[in-house]
Structure formats: structure tokens, C-alpha cells
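What TrEMBL records for this protein:
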type	residues	note
TRANSMEM	21-40	transmembrane segment
TRANSMEM	52-74	transmembrane segment
TRANSMEM	95-118	transmembrane segment
TRANSMEM	130-150	transmembrane segment
TRANSMEM	171-189	transmembrane segment
TRANSMEM	195-214	transmembrane segment
TRANSMEM	234-252	transmembrane segment
TRANSMEM	258-282	transmembrane segment
TRANSMEM	320-341	transmembrane segment
TRANSMEM	347-369	transmembrane segment
TRANSMEM	381-400	transmembrane segment
TRANSMEM	406-428	transmembrane segment
Amino acid sequence: MTTKVEFDEQKSSRQIKIGVLMSYVAIGFNILAGLFYTPWMIAEIGKANYGLYMLSLSLVSIFAMDFGLEAAVSRFLSKYHALGDTEGASRFLGVAFKLFIGIALLIGVVLIGVYMMIDTIYASLSPGEIETLQVLYIMVGFYIVVLFPTKPFNGIFIANERFVVLNWFNLIEKVSTVVLMVGALLFGFGLYALVFVNALVGLSIIIGKGIYLMRKTETAIDFLHNSRSMYRDIFTFSSWTTVIAIAQRFILNITPTILGALASSASIALFSIGMVIEGYVWTISSAIGSLFLPKVTRMTTFNRQAELDNLLIRVGRIQLYIVGLIIINFATMGREFIGLWVGPDFFPSYVVALLLILPGIITLTQEIAYTTLIALNQIKYRAFASLIVATVSVILSLILSPQYGAIGAASAILVGNLVGTVIFMNMVYIRVLKLSMWRFFYECHVKLAPALIFLGISGFLLQRYLPVDSLLHFLFKAVVLGLVYFIFLWVFTFRDDEKELLRGFVRHATKAP
């Protein structure tokens, strides 16, 4: 049944604002945990056990890929909510949950088959290590199979715009996992306790999410309904999403292999450090994309094109403030950071990282355009772009890696991204989505250019006349540069609505318990 629904856009905006704040808190915690907790954990359990721990996680995660189904739930459920079709939403969820349960059972069968061959697959491990890996594999595999049918939960939260609660659950999960793991290791529990803690916290959070959705939302699930068209829609959307994921993983996995075959093992290490930096930049910059899916879906459903163009510009400017700060900061001071972080031998990783993150100055500011692609069910174009990136990157890597090593491979990926995610995707945004991209570039990149140039000059001068010899001093220098950049933005660049948005963030932060 379809009914006209009045949406509280102010409430939606508040949810997005607080959700963004909490997303960045969670990202900050993840980065700090990676920098401080992970090395301590390795020292406590030993490199060999840590290797087995990561091996069990990576082995099972291969089969835990959701094939884009979670994104499909967010997309289609947002569409039903925009139309006020509660009956369609409940039928869709019934189909989605049955699909997830079926896939979970299939994953379970495959995992059992792999378990039977672990000693053959990893013949180089000692008998003791094989035995440990088998126990870890059973624990992680059971957790994955039980967890998989609940993957639609996050999509339901997003479609209902419950971003604050969802981010609270995610933050509690991350903090609880680290705290309980530290406690387990301090009390003398070993490797198995780490996996048990992961499973215990994960299952507890899932139960909490399920209870919240049942009590606090009008989520209904019709398990009796079957619809070929719904299965077909989900399959089509998730197939293209899977192509994107596979193409992206292919680039990450094949590049070290190419370097190992055509360059050297040292070049793999140099490239890996660059990939770590790129991963952090992507995580920080793309934190807000999914939060806008319900709002964008409403705009596309009711053909509110002008509002969509304005949202693209508004969010794009905010993302460019952040992305510009990160990329230009790294361009001017990144070489020193690499030397302080991993040592002078990894100075070439500075160039690698810079080449990998440079396209982000455009692509990471266009999250709303990408979200519009999802809302209009045109995700196939992003899949085409990913295939272009993968093809160009691999071909050029084969040509450049023998002579230029890691920098050659990074240059190949840069060209691939420029062709696929910059040129091709912007043609799609203009011709298929009919977005005002030229206006977007003028309002974002042209108008913010003076601030970014000022940041670059300030960073260059600061680096030239104030080199440092410790990460702590470097962090202080980066904060100073960030403050100078913020003052320039406030005086010369921020629009009135952006200043008010920032004041709203401060009010929310000061009211938080």
C-alpha cells in the first residue's frame, strides 16, 4: 500500500550532522587503535600467532563478502520509504532476509569443504600451527555464518535514517572489542580469547540492533511473500556492486604480485606503505556518503533536481575542505612524515602515496553524485568505471613496474583512476544523471582554490624552515598548519550557511554527554 508521507527534513539533517560527528570519532578511534593497540597485541601474542590470527580472518573473509546485498537493502528500502509503500518494504525485506539466509547456508557448506583441506592448502605450516588454525577457523567461520543473515540490519538503519543509533552501536562495538581484548591479554588469555571476544561483541551488538529495530522502528518483514521481480532487482543491483568490489580488490591484490614478478620485494613494501596512506585518506573522506542515501532517494523519486544539485555542491565543498587539507598537507610535509613513521628507507613511499591519493581531490568530493547513481539504480556505470581503472592500471603496471618499481605501479593506478573515476564518471554524471557538474567544479574547486593554494604555500614554508625530528613534533606542526588553514577559510572562504553548520556541530558536541 502506497501512502503519502511527509518527511521531516530538519530531523533528517540533524541525524546526518550527528552521524557525521560520530563517524569521525569512530574513524579516529580505529586509526589510534591501529597505531598503538595492534603493535602491543603483536608483542603480547607473538608474530607467529598474530599471523595465524590474521590468516584465519582473511581466509574466512573471502567467503563473507556480501556481494553488494547490504547496499541493495539500503537502496531499495529507501525507495519504498520515499514512496510511502510500507507493504512493498515489508515484502522486500522478506525476500532480502530469505536470500541472506540461503547464502549463509551456502557459505557454511563451502567453509566446511575448505576446513577439510586446510592441511593441504597450508602444507608449509607446522602440525601445531595447522591445529591452531583449524580451531580459529571453526570459531571465525561459525561467527560469520551466524552473522551473515543479519547483514540487512545496517541497511534498515540507514533507510530509516537512524544514523546516530547506528553509529553508537558501531562505536560501542569497536571500543568494547579493543577493551575486552586488552583485558583478556592482560589476564593471560591467549590467541583463542581474541577470536572469542570478537565473536561475543559482534553477536551482542547484532542482538542489540535487532531489539532496537523491533521496538523503535516500524520495520515489518513478510517472509511469506515471493517475488521474482524483487529477486531480479536485487540480483541485478548486487551483481554490479560485486563487479565494483572485485575490480577494486583485483587492483590491490594484483599490483604487489606484478611488483614481485617484475621489480623486487622491496618495491612491494614501498607500495604497501603508500596503500596504507591511501586507505586512511579514503576512510576519512568517504565517511559521510551513505548517510545521504535516503535524502537523495527522496530527491530523485520526486525529481527535485535543483535541490540535488545544491546538495552536491554543499557536501562537495565540505568534503573538499577535508580532502584538500589532507592531500596538500601530505604533499608538502608527507616525505618528512614517512621518514619519521617508517624510516628513511621508505622515502619513495611518499611519492607512491601522493600518486594514489591525488585523484581524490576530485573523486572524494563527489560522494553525492555517486549516491545519486545508487538511488537511480544506475550503479552499472560505476562498475564500468572500475573495470576501466583495473584494465588501464594493470596494463600500465606491466609496462612501468620493471623500470620504475613501486612508483611506476602507482603512476599506472593514477592514470587508471583519472581515465575511469574522473573522466568517465564525470561524463556519466553530466550525460546520464543530468547533474550540473560544471557549476559543481566552479562552486567547489575554483572558489576553494585560493584557500588550497594558501595552504600549499604555508605548508611548504613551514616544512622548509621548521623541520622536526619526532612524530609528536610533526603532529604539533600539522595541527598548527590546520589551524592557520581554518582561520583563512573562516575569514575568506566559508559561506554563511557553512559557518552556521559549523556552529551547529559545536553545539551538538558541547551538548554530548
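Residue positions begin at 1 at the first shown residue.
Each residue, glycine too, has its Cβ placed from N, Cα and C.
Below 8 A, the CB atoms of the transmembrane segment (347-369) and the transmembrane segment (195-214) form no more than two pairs separated by six or more positions in the chain, fewer than 3 in all.
The recorded stretches the transmembrane segment (130-150) and the transmembrane segment (258-282) do not share 3+ CB pairs below 8 A when only pairs 6 or more apart in sequence are counted, and are therefore not in contact. Across 21-40, 95-118, 234-252, stretch 234-252 shows the highest tally of CB pairs under 8 A with the transmembrane segment (381-400). Long-range contacts of the transmembrane segment (258-282) within its own chain (CB-CB distance under 8 A, at least 6 residues past either end) are made by residues 31, 252, 323, 326-327, 330, 334, 338, 342, 346, 348-349, 352-353, 355-357, 360, 364, 394, 397-398, 401-402, 405-406, 408-410.
Counting only same-chain residues 6+ beyond the ends of the transmembrane segment (406-428), those with a CB under 8 A from a CB of the stretch are 251, 255, 258-259, 263, 267-268, 270-271, 274, 348-349, 351-353, 355-356, 358-359, 362-363, 366, 369-370, 373, 378, 381-382, 384-397, 399-400, 437. As a quick check, the transmembrane segment (21-40) and the transmembrane segment (171-189) clear the bar of 3 or more Cβ pairs under 8 A, pairs 6 or more apart, so the two touch. With a threshold of 8 Å between CB atoms, the same-chain residues lying at least 6 positions outside the transmembrane segment (234-252) that come near it are 65, 67-69, 71-72, 75-76, 95-96, 99, 275, 377, 379-380, 382-383, 386-387, 389-390, 393-394, 413, 416.
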